[in-house]
Amino acid sequence: MKDLLNFLKAQHKTEEFDAIKIGLSSPDMIRSWSFGEVKKPETINYRTFKPERDGLFCARIFGPVKDYECLCGKYKRLKHRGVICEKCGVEVTQTKVRRDRMGHIELASPVAHIWFLKSLPSRIGLLMDIPLRDIERVLYFEMYVVTEPGMTDLEKSQMLTEEEYLDRLEEWGDEFTAKMGAEAIKDLLGSMDLHAEVEQMREELDTTNSETKRKKLTKRLKLVEAFISSGNNPEWMILTVLPVLPPDLRPLVPLDGGRFATSDLNDLYRRVINRNNRLKRLLELAAPDIIVRNEKRMLQESVDALLDNGRRGRAITGSNKRPLKSLADMIKGKQGRFRQNLLGKRVDYSGRSVITVGPYLRLHQCGLPKKMALELFKPFIYSKLETRGLATTIKAAKKMVEREEAVVWDILDEVIREHPVLLNRAPTLHRLGIQAFEPVLIEGKAIQLHPLVCAAYNADFDGDQMAVHVPLTLEAQLEARTLMMSTNNILSPASGDPIIVPSQDVVLGLYYMTREMINAKGEGMYLAGPAEAEKAYRTKTAALHARVKVRITETVVDEDGHSTTETKMVDTTIGRAMLWQIVPKGLPFSIVNQKLGKKQISNLLNEAYRKLGLKDTVIFADQIMYTGFAYAALSGVSVGIDDMVVPPAKYTEIAEAEEEVREIQEQYQSGLVTAGERYNKVIDIWASTNDRVAKAMMENLSSETVINRDGEEEQQESFNSIYMMADSGARGSAAQIRQLAGMRGLMARPDGSIIETPITANFKEGLNVLQYFISTHGARKGLADTALKTANSGYLTRRLVDVAQDVVVTEHDCGTLEGVEMMPHIEGGDVKVALTELALGRVVAEDIVKPGTEEILIPRNTLLDEKWCQIINDNSVDKITVRSVVTCDSDFGCCAQCYGRDLARGHLVNQGEAVGVIAAQSIGEPGTQLTMRTFHIGGAASTAAAENSVQVKNNGSVKLNNAKFVINKDGKLVITSRASELTIIDEFGRTKEKHKLPYGSSLSKADGDAVTAGETVANWEAHTMPIITEVAGRVQFVDMIDGVTVSRQTDDLTGLSSSEVTDAAARPAAGKDMRPAIKLVDAAGNDVMIPGTDMPAQYFLPGKAIVNIEDGAEVGIGDTLARIPQKSGGNKDITGGLPRVADLFEARKPKEPAILAEYSGTVSFGKETKGKRRLIITREGGETYEEMIPKHRQLNVFEGERVERGDVIADGPEAPHDILRLRGIHAVTQYIANEVQEVYRLQGVKINDKHIETIVRQMLRKCTITHAGDSEFLPGETVEYSQVKIANRNLEAEGKEPARFERELLGITKASLATESFISAASFQETTRVLTEAAVSGKRDDLRGLKENVIVGRLIPAGTGFAYHQDRQAKRAQEQEGPSAAQATDNLAALLNAGFSSDE
């Protein structure tokens, strides 16, 4: 028996391995895997159903069909194990060897492997340096290739057509050899000397100057070096032996009715074997060349189809015209091996059912139907029945359970106690889509779900289904309880806000409970406490909303945990006093002494969590829910048609609007306004009418007049049901009420444009046919969009997870000194996001000092929690540097200090936390809420008047940032720099507002001046760009010749004349090379110099510039010499919503990106070409840089102006690659984070910046080597950043020269495919390409990420699996080192001692 056990163990041998290597298989290797050659195409005998000998299912090669039984039946039973039957040749063993025993086919002629031939770039073509077309011609027998030139003038691997070949043959006879087919290619590959090739290419690389040649050489060099280093032989890319898949992996199943269902592979294999056998026969018969050639070509095609059907030519189809599924199709795509079976498997012990409400459950419970529980917990029940001695065998136990005896239910109760189950709702968009609950047995067949977790699951009870999974092992139960229990997931991992928040009925109930009513029954009573308030309410002495005075006892808990109480009389209502009874000790009464809407309740829970911790919050949340439901029921709030009150003002408003529209129509017909203006005005009128009607309706709904105690009339908030629902945030919004009781307003067409006839009716009055039809028009688009959006959002999430899956917190502190700067987001006059909100939960990278002093407020490496943030606020700090994942220095993953607080737990992140996946989920999950639209800016909807002044909103002082200016004769400042910013600073030095100042703005305040709110500080002309003089003097025109370079116009009304500079293209020949300019001279006629330089003040005028001054006029400093009209932005589409987020993460270049200065220096313009201008930047050292810029781009710089690297030269959307190259990593991180946040903020979705930073870190994973130093890298090669870092560290340690590099920004799809792990990349996209590349270069996958480990089927190196992997690595390191000398002596001594002691 013992050896049997050992034998069975031997079958399941799992090697502990650290890496997986992929390579090309040699023919000998394939033969060594094989258990025999498949010689016949037959499968099984149709009469006996036994496999044919030497066929595709042969039992002799692949193993027995039945366990421990040979085919002819001579040997049966276990005792003959391992015997090979002499009659049928079958080894007696288990059937399952048919799943892993392979066979092989000896090919009669070599065949090229289609992946290495056709998967671009063609590896065979690249290696031999022959175009793919030519290789294909050789392979498919259309051309000869010279394999041995001999003493002829032919070259090796030269192509010859049939005729050329015959000519040469006559000329030289058998002096040379030329062949066709895969044999020829195999010979050529076999005769390559890789080392010599490398030498030659390295020499060429040094000598060549052409960029394209260099690129090609580098590519080829990398491939050849890969072949050398991996030990792959190039001729293995040509197959001479074909492996045959084990038969149980390509089954043949008899169906009833004598037909068979078979895997497509069998057809493909059969085809190969038939052709191969025919070819063998033809070769034996020495058939004519043309026949043999045709057969060889057919063999090549059939092998191609087997490996990757449809890659070349038409796909081979089966009987039903459907292309056959080849080996390549088996592994790729959503239905392929990777995504279907390795990354997502179906699991046992699970069930699903419809969900329904469980309002009486506690937060950690769920209701599980008894029937389901009985089925799911069967094994536990069986074992309990057996250990109790209630059933003798498992079979008896099974019978008892099937009969559902009474004792079984008792045991089920016991088994279920404290055994959590997992509930999952598809689609699982973030980790809160699977949570653990303790089951409570219920009658019925629906799972009961706690209402508060619906938000996390995004579940509702309109027929949603959920799946139940049972964690079986003790470890799994422990993890479910400690990590996944719903009570441990109160905060959202995306933003750190509570996600267990009441909604709908509960909110309505609490809102109703905390409202107040004037002159309600019992107003003005004095009550001794909340209990007395409740008594008054229950005995109907006082109404729920009555305003009363109640004695309240508050508990204040200080930081050390000591609590003090204080008691006082408070003005409140009966309802609020009763609600106070369930609020846990330690919260102030003021927090419930207000009308509670959804926002306030969320805040209430947040406060509770931060002040009192998890347990109290969970209990409190449950109490809130029970109370909310109870009072929602008591409130009797419902929706009746009379609750929708239509304001009487509506009809007059509409009549007025119709009158205005009629007027505009008349103006249009008489030609006073254009069609576009008429449309815009009409839409404007209706939009404002709609707003006015809505306002009147809300005023009407939201307040009512009541008589107070003194008998006077007083306004109070209305108790109208619909108003209460919207006001509390339970259901509905002002916009929806507007449609019920106001007017529906303007409708959009599917393309986003607005229909100019609005729907004046509302739903209470009812729509007529036309109005209904207009409504349906836009609504259908909405439904179609939703379906698309779900798929797109899911795909975005998949790409994000794939790129970030291997970011895990691997160490506590990486020791970096870098970080990113954080400032509050300020737009114009308002703070969009406060600094404290951004900094909360981050670690400080540089000491934060008190502004204006050297006093350190917060030392570096402090985790900023709520208390520290309060200090930042109190000391009005407005700029701090915090650590960030982007600047983290860990080689793999990131460190805890750089990540900061784990948002879902509220403390520093634990090691092993899979922060990458969390980041991906947090960004992807709200994706379905984002719109798909690109917004058309056009029409009234959104054309704001162009800004032309800065009006400040706060008192404070002016501060100018990177501004150059001159002071004109009126004493105003005129800005002469580009990217100037005006900020308003309050008395604490905090930034309150930020405004951009264009070139040529005039300021009435100087730097440091005080301003008051409402003052206008700066103004400028909106649609023109001035040219400002920085010196005073007399104007002298240069090259400004009327009719040649300028054209003059005189205004009829004013009599003033102006000149317009003609575009270079439109000038007559004489003016082509002239450069019109305005020069300033002093009274003596000498050039005036620009202050601080030795350059004369000369201003070149671009085309279309308008000059209003005369030659010889006197000008002062800061005067305008000329104006250049700017085209207004026009109707640009802004990409919004989901597509915008995808574009940012894919790092796509915008259509017309902004042009940024590559270097700092002085601008000048060179010779122009037909469509482009030549911009020259002269750097400090005198070297110049040139760039050609299309003429239609508007430039922001003039001749002679100084620019800094990264300044904008021509406006447009900035390309992230440019930002990275010119302004560095911080700038690009900030750019992507802000742009992504912009989209989410519009939808009201809150996501923490660190998630976006985590993704950006992964996008910056690669870098390009600019200078190799003493490293192994090639210049221009793209390498993993961590590799370069490690290599440079080692080089520096040895005192050698490190490599220099530039960081690269990759889009997420590209970054996923460029990952080091080929397993992860192959399971993501483009499986064929990834695997081909990996095999050729003999890649090894160190299984670092999560995905690779899931695929090979072991614990992931994150979370609880992190420790397991760390232990394994430590053990492995120890094994490799071997025992030290000292240890060896100790071991020896111990052994000897043991030997002596046992002798006694």
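Cβ atoms are placed via backbone N, Cα and C, with glycine included.
Features reported for this protein in Swiss-Prot:
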type	residues	note
BINDING	Cys70, Cys72, Cys85, Cys88	Zn(2+) 1 binding site
BINDING	Asp460, Asp462, Asp464	Mg(2+) binding site
BINDING	Cys814, Cys888, Cys895, Cys898	Zn(2+) 2 binding site
| message | Using the CB centroid of Asp460, Asp462, Asp464 as the Mg(2+) site centre, which other residues of the same chain sit with their CB within 8 A? | response | Ile355, Ala459, Phe461, Gly463
| note | Cβ neighbour count within 10 Å, max among the binding-site residues Cys72, Cys895, Cys898, goes to Cys898
| Near the Cβ of Cys888 (Zn(2+) 2 binding site), how many other Cβ atoms are there if near means within 10 Å? | 27
| Tell me which residues of the chain lie with their Cβ under 8 angstroms from that of Cys70 (Zn(2+) 1 binding site), as long as they are six or more apart in sequence? | Ala59, Pro64, Lys76, Val83, Cys85, Lys87, Cys88, Val90, Glu91, Val92
| query | Taking DSSP three-state, what's Cys898 (Zn(2+) 2 binding site) in: helix, strand or coil? | reply | helix
| Collapsed DSSP category at Asp460 (Mg(2+) binding site) | coil
| field | Sorted by sequence, non-Cys70, Cys72, Cys85, Cys88 residues with Cβ within 8 Å of centre, Zn(2+) 1 | value | Ala59, Leu71, Gly73, Lys74, Tyr75, Glu86, Lys87, Gly89, Val90
| message | An 8 Å radius from the center of the Cys814, Cys888, Cys895, Cys898 Cβ atoms defines the neighbourhood of the Zn(2+) 2 site; name the other residues of that chain inside it, in order. | response | Glu811, Asp813, Thr816, Arg883, Val885, Thr887, Asp889, Ser890, Cys894, Ala896, Gln897, Tyr899
| Including all protein chains shown, what's the count of other C-beta atoms within 10 A of the C-beta of Asp464 (Mg(2+) binding site)? | 17
| field | Cα distance (Å, whole number) from Asp460 (Mg(2+) binding site) to Cys888 (Zn(2+) 2 binding site) | value | 41
| query | What is the interatomic distance between the Cα atoms of Cys898 (Zn(2+) 2 binding site) and Asp460 (Mg(2+) binding site), given in whole Å? | reply | 38
| What is the separation, in Å, between the Cα atoms of Cys895 (Zn(2+) 2 binding site) and Asp460 (Mg(2+) binding site)? | 39
| Relative to the Cα of Cys72 (Zn(2+) 1 binding site), which of the binding-site residues Asp460, Asp462, Asp464, Cys814 has the closest Cα? | Asp464
| task | Sort out for me which one of Asp460, Asp462 has the most neighbouring CB atoms within 10 A, since those are the binding-site residues we care about. | result | Asp460
| Residues that sit under 8 angstroms from Cys814 (Zn(2+) 2 binding site) by C-beta distance, when 6+ apart in the chain | Cys888, Asp889, Ser890, Cys894, Cys895, Gln897, Cys898
| note | When the binding-site residues Cys85, Cys88 are compared by other Cβ atoms within 10 Å, fewest goes to Cys88
